[in-house]
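Step one of this worksheet: look at the structure below.
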Amino acid sequence: HAPNALVLTVAKGETARTATPLRAVTLTCAPTPGGTHPAPEAACAELRAVDGRFSALRGDQDRACIKIYDPLVVTAEGVWEGQRVRYERTFGNSCTLQTEAGPVFSF
């Protein structure tokens, strides 16, 4: 198995550089799901389904969200299938984060 080791964060703000970190977890997916992530099996399954492409993650698309702007920024840094990854995305609020990113950033 190629190495998979990630640090995932959720922060309050518009960019990772200026945001206030709220939560951080570790996630490993090989040889078995683990780390401090509360649901590593679901998160790893979701990442495998999109070949590790964080931008392709899809959460609960049927969920309706209110339009209050309270931005959260998520980051992922580490190694996926032996390749370095660095990902950052800002969501309008916690509801859109869960709707669009799913179990990977549910912590």
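Heads up, the Cβ atoms here are built off N, Cα and C, so glycines get one too.
Among the features that Swiss-Prot reports, disulfide bond is placed at CYS29-CYS44, CYS65-CYS95, with the record citing similarity to another entry.
Known features from Swiss-Prot, placed on the structure.
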| residue | record | Cβ neighbours (10 Å) |
| --- | --- | --- |
| CYS29 | disulfide bond | 25 |
| CYS44 | disulfide bond | 23 |
| CYS65 | disulfide bond | 15 |
| CYS95 | disulfide bond | 18 |
Where CYS95 (disulfide bond) falls in three-state DSSP terms: helix
Alpha-carbon spacing, CYS65 (disulfide bond) to CYS44 (disulfide bond), which is rounded to whole Å: 25
Secondary structure at CYS44 (disulfide bond), reduced by DSSP to three states: helix
